[in-house]
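> Submitted below is the structure of interest, expressed as structure tokens.
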């Protein structure tokens, strides 16, 4: 029972630029309503009582973060991020060396629901490995021919999931797996892939498909719609 009461720290890698958004401003600083995407993402984490600290890894040349109210928030720590996501996450983990469990959440994923976060955090009661929020694949999936815009074959979707964030792991285990994977030149696309590389099998915790990452211009309007809908539902 005590495991469910442990405080949790979160790491938010926010040093990327997001060139697919086709904007001069990094996507995490684009606004939805009266807040930036980064603020929406961080506030969703801090809304849960177990999340007591959020470490945000930003680019060393970032001048935008200091202009946000987040810069003066007592539960937020800022560190310099790296060139790659894994480097930024490791920098964040160094800042919470005493934490037992850590969340890692995308800076540009502002639509996290509190019930999803609560279900993910609950796995710390019985898991030594952790897990991720994920959404079952619903569309028909095709694998393309290498180097061609042509279908190679249809991929069976029965056991396919979209990996989402937050992802939630024991801090020491995540640190060790990320370090080993990077040192051995493994391709790491998210934190779970580092654990997979080291032979672990994180849990899949089903989350809502509207927990989208803002990656392309059309995602911004969709995220705004989802956030507005959630606010209206909470007020109802």
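We count from 1, first residue shown onward.
Keep in mind that glycine also has a Cβ here, set from the backbone N, Cα and C atoms.
Pasting the feature list from Swiss-Prot:
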{"type": "SITE", "residues": "20", "note": "site 'Transition state stabilizer'"}
{"type": "SITE", "residues": "27", "note": "site 'Transition state stabilizer'"}
{"type": "SITE", "residues": "157", "note": "site 'Positions MEP for the nucleophilic attack'"}
{"type": "SITE", "residues": "213", "note": "site 'Positions MEP for the nucleophilic attack'"}
> Over all shown protein chains, what is the count of other CB atoms within 10 A of the CB belonging to residue 27 (site 'Transition state stabilizer')?
26
> Measure from the CA atom of residue 213 (site 'Positions MEP for the nucleophilic attack') to the CA atom of residue 27 (site 'Transition state stabilizer') and give the result in Å, rounded to a whole number.
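The separation of the Cα atoms works out to 10 Å.
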> Starting from each candidate's C-beta and looking 10 angstroms out, tell me which of the recorded sites 157, 213 has the most other C-beta atoms.
213
> Can you tell me the three-state DSSP label for residue 27 (site 'Transition state stabilizer')?
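Going by the DSSP assignment, residue 27 (site 'Transition state stabilizer') falls within a helical segment, counted as helix.
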